[in-house]
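What follows is a short report on a single structure.
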Amino acid sequence: MPPAHHGSGGRRRPGRGNKGKRDTEAGMTASPDPGYMRPETHAAPSQQTDVRSPASAREHRNADVGVAAPDALTPNAGEQKEVEGVAKVNVAVSSDQPPDWAPSQSDLPPSLSPTTASRPATSSRSPRARSRHSPVASSSAFSSPAPSASALTSASGVPEAPLAAPELKHTLAADEGNPEPRLEGPVERLHARQENPLTDSSDGSYILLEEGESQRACLDRKNRHLRQTTPPGVWTTADLASQNSHSASFASGFRRALLPSGGSGDHDEQASDCRASLRGMQRPCFGSPSTDTRMGAAEGLPLASRRRRQHWRRELRAFGAVALACLRASWHGMKRARLRATRWIDRNAATVRVACYTFLLLVTSTGNTICFKKMIDKMPNYSPCLTQVTTVVFVPVFFALSLYTDYAGGLPQEMADFPKRNFAVMGFLDSFSGVMAIIGAVHTTGTTQVVLQQSCIVFSLLASIVMLRKRFHAAHYLGALVIILGVLVVKLPDLLHPSSDGGGDVFVFNLLYLLSNLPTAVSCVYKEVAFRGVEMGTNYLQAWVALFQFLIGFLVLPLNALPVLGPQRVPLAELPASLWNGTRCLFGFNTIVTNCGGAGNMESPCDNCEGAWKYVGMYLSFNLLYNMFIIFVVKSGGAALTFLVSTLRLPVTALAFCSRAIMGDRAVPPKATDFYGLLVLILGLVIYRAGGIMKRRAQRRAVAAARGHTSSPMMLTPREEEQIGTIFVEEVFAAGELEDGGVTEEDETDDDTSEVEVHPVFSSVVASEPPHVYVHTKRHSHSDGGYHKLPACGSSPAAFTPFTQRMPGTGSESCSRRRNRDGDDERSPRSHACSFDEETGFAGGTGTGRHFSSPGTALSPNRVGGYEPPSMHAVQPAVIGKSRANNGCI
C-alpha cells in the first residue's frame, strides 16, 4: 500500500534511511478482507500554505458545505428519525459500561443532553471525520459525511444515505457567534469507540486500528517530551489526529499510511478551527503554528520559511556552543599561565623583588621630578615657604621610624656617641642646596632641570678628589667631560641666541639651579668621611639631618633677597610676611593679584593658589617613596642599579615634560638640541660607569701581582679569592703594600667580600642620582669606649698585628702579640698557633713563611713596644682633608 502524504509534515527530506522500512511495513499491513479498498494515491501536497484568516476560513468551509450537500441543510423528519434509530442500535451493540477514560454525565456541560451525547458527531471540523482513511472510523458511521465512492454500511449491510447535517449547521453557527468552547471532539471519540469495538470485523480494518494504536503508544513512549499531557480532572478538546500528526513528523511508512493525507493548507485550517474551538480556554491548542514551538514558525509562514528559521536557530546554538568552548579553553589557559607564573616567581623571588624595586624607583624618581616642577609653578612667589614646608614634614616621619627601628631594641652606644655637630654640618649643606634649587626652578623649564641635574656627578668627582684625595680611572674623567659637553649642547644655543620671551628659561635662575648641585655633592662626600668606621642607622641619620636642615633653613632664607633675582627678590624685611602669605596660598588664598604677570619676566607672576596643597602633597608623597625605594634597591640589588635608574630617568622625564597631557600649559615644546643633548649625557654616564669597572679590574690585577699569583687575575673566581686571600689581606694591609685609591661600586655592594657598605640618605630636593653615603667595615668596640676599624688604606694597629719571630735558643717560630687589650703579653709556643682575632678578623699567623723587615711596617720592632689606643689609628669623623703620613690616605 503506497503511503499517503502527511497533512502537516510536508515533504520528507532525502537521506532519512527508512524508505525500505516504509515499503516493508506497507506490505505487512495489507488487509486480508477482499472488501477493503486501498486508499487512492494523491498528488504531493503543495509547498505553499494557504494563508487565511479565521473568518475567510469559515467562509471557505461554508462554501464547501453548500456545494457538497445543498439540500442537506433542510432534512425531513423521516431522515432524522432514521438517523436516531441507527444511533440507538449502535449504542445497544456497544458494551454496557463505558471505558474508564469516558467522562461521566456530570462532567459534560448542560448544553449536551444524553441524547446529544449518544448521537454520532458529524462535524466536519474533525480530521478523522473529514478523511475516509482514518483507522478510528474503520467500519462505522464515522466516515466522511460528504458523498464519496465508499458508502456507509449499517448493521444489516444496506448502504445508507449520507448523514444529514443539522449538527453541522448548528456547529457553524456556534462557531460564528457562540464564544463557548466546543466539546464535540471527546464526545466523537467516545461514540467512535463505543460503536466500533475490536470485535467489529465487518471489513477487517480493526487490524489497522490495533496496530496503529500500538505504534502510536510506542512512539509516545519514545518521545515523551513531544506529548501534551492533560492534567487529571481537566477536560480539554485535544485533537487526537493533530497530536499524532505532529508527534510523528518523521514516522515510518506504516505510520504515515495510517495518518490522514492532505495539503499544507489543511494544517492551517485545522489550527484555525482549533483556536476557534478553544476560544476562552486557558490551555492553548496543541499543534497550532502559533503555539507549536517544535515547528519553530509563526502563523502563516510557509514551510520553507519555517525550515530556514530552524536552520538559523541551529546555527545560533552551534555558534553559542563554539563560543562557550573557546571561553572555557581561555579560562583553563589563563589558570595554567597563572600557575606557571606563580611557580616561576617562587623560584626567582629575589630577582622579581629587585626588578619590582628598580621599576618603582624609576617611577617614583620620575614622578618626584615632575611634581617638583608642578609645585614650583603653582607657588612661584613663595620659595621661602616651600623650602621650609618640604623639610619640616619629614622630621616627625623619620623620628617615628627611628623610634620604631632603633630605640625599640635599645639605641646602640655608637650611634648615641656620634657627634651631633656632624649632623648640623650635613643639615646646613642640604638646606643651602634646597634653597638654591627652589629659587632657580622658578624660571627653569623641566627639560633644562633634567639636564642640569647631571652636573652633580661632575661636582662629586671634584669633591672626592679635593676632600678624599681619591684617584680615579681615566674613564671617569672622560665621562665627566662628556657630561659637561651634553649640558653645553642643550644650553649653548640659548646662551648665544636668547629669545625675547626666554622660553621659560632665565640664565640667572638656570645658573642658581646648576650651582645647587655643588652643596649636594659636598654633603655626600662629607657623609662618607663622617661615617667612616661608624655603623649608623639610616632612619636615625635622616631624622637628625632633616631637623637641622629645617632649623638652619631659617638662617639660609636671606638668599631670597639677592638683587640678581629681579622680580622674585624678597627683601629681608618681608621674609616673615612671605612665609605667612605662602602658608595662606598653600590653603588656596591668593595674595599677589595686582602689579603682576607682566611680559618678559619683568614682574612676578600672579597668585593661582587654588588646589596648591594637592601639588605640594603629591611632591612630598613621591619624595618619601623615592627615598624609601632607594633603600630597598641598594639593599637588594646594589648601588649599580641606582646608576641604571638615573640613566633611564633622563629620556623618560624629558618626554614627560614635553607631554601636554602631563604638564598641561607648562609643557615644553621639544627641540632638536634637547634630544641631542640627552644622547650625549647618556653616553657620558655610560663612560663614567665603565671607568668604575676598569678601576676594579686594575685593583684585582694589583692584588694578584702582590699575591704572586701566576694565573690571569681576570680568571679568578670568588671561591679562589676567598681561599687564597684569607691571610693575604692581613699581610697586605699590615705591610702597607697596597693603596686603596677608592672603592668601586661593585665592591661596595658585595655583601660577602666588600669593605664598604652603601647607605642611602634623605634628600628633600631633586638630585641627579640617589644620594648615599659609604659606611666602611664594621665597628670594633674596645674597653676605652672608642671605636676602631681597619682603614681601607692604612696599616693595622700594633696591638692587633700578629707577626712571626724566632724564639731565643730554639729553632721554632712562635706567634706573638706584644700587648693585648689588657696590656698582657700573649704568646704561643707552636708555630702559626695564634688565635683568631674575632674583632679584627685577622688570623693567628701570616701563614706564608715570609718575614717583612722594612721599617715602618707592622712587623717592625718599634711598632710593638706597647698598647696604642685604637683612636690614634682610626679616621676621626670631624677631620676632613688631612692625609695619613705613611701612605697619603685620610
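Residue positions begin at 1 at the first shown residue.
Using N, Cα and C of the backbone, Cβ positions are placed for all residues, glycine too.
The annotation compositional bias 'Basic residues' is assigned in Swiss-Prot to 8-19. Per Swiss-Prot, compositional bias 'Low complexity' is recorded for 102-126, 134-156. According to Swiss-Prot, the N-linked glycosylation site annotation covers ASN581. As annotated by Swiss-Prot, region 'Disordered' applies to 1-163, 280-300, 798-871. According to Swiss-Prot, the feature topological domain 'Cytoplasmic' maps to 1-349, 413-422, 527-544, 635-640, 695-890, an assignment based on a curator's inference. The topological domain 'Vacuolar' feature in Swiss-Prot is assigned to 373-391, 444-447, 493-505, 566-614, 664-673; the stated evidence is a curator's inference. As annotated by Swiss-Prot, transmembrane segment applies to 350-372, 392-412, 423-443, 448-468, 472-492, 506-526, 545-565, 615-634, 641-663, 674-694.
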Feature contact check the transmembrane segment (423-443) with the transmembrane segment (506-526), CB under 8 Å, 3 or more pairs: yes
Under 8 Å by Cβ from ASN581 (N-linked glycosylation site), counting only residues of that chain that are 6 or more apart: ASN381, TYR382, CYS385, THR591, ILE592
Folded-back contacts onto the transmembrane segment (472-492), same chain, C-beta under 8 angstroms, at least six residues removed: 447-448, 451-452, 454-455, 457-458, 461, 464-465, 510, 673-674, 676-681, 683-692, 694-695, 698, 742
Local confidence of the topological domain 'Cytoplasmic' (695-890) - pLDDT mean: 42
Beyond the flanks of the transmembrane segment (350-372) by at least 6 residues, Cβ under 8 Å: 441, 446, 449-450, 615, 618-619, 622-623, 625-626, 629-630, 632-633, 636-637, 641-642, 644-646, 648-649, 652-653, 656-657, 662-663, 765-766, 770
Contact ranking winner - 392-412, 423-443, 448-468, 615-634, 641-663 against the transmembrane segment (545-565), Cβ under 8 Å: 423-443
Beyond the flanks of the transmembrane segment (392-412) by 6 or more, those residues with Cβ under 8 Å of it: 535, 537, 539-540, 542-543, 546-547, 550, 620, 624, 762, 764
Residues in the topological domain 'Vacuolar' (566-614) grouped by DSSP into helix, strand and remaining coil: 24 helix, 0 strand, 25 coil
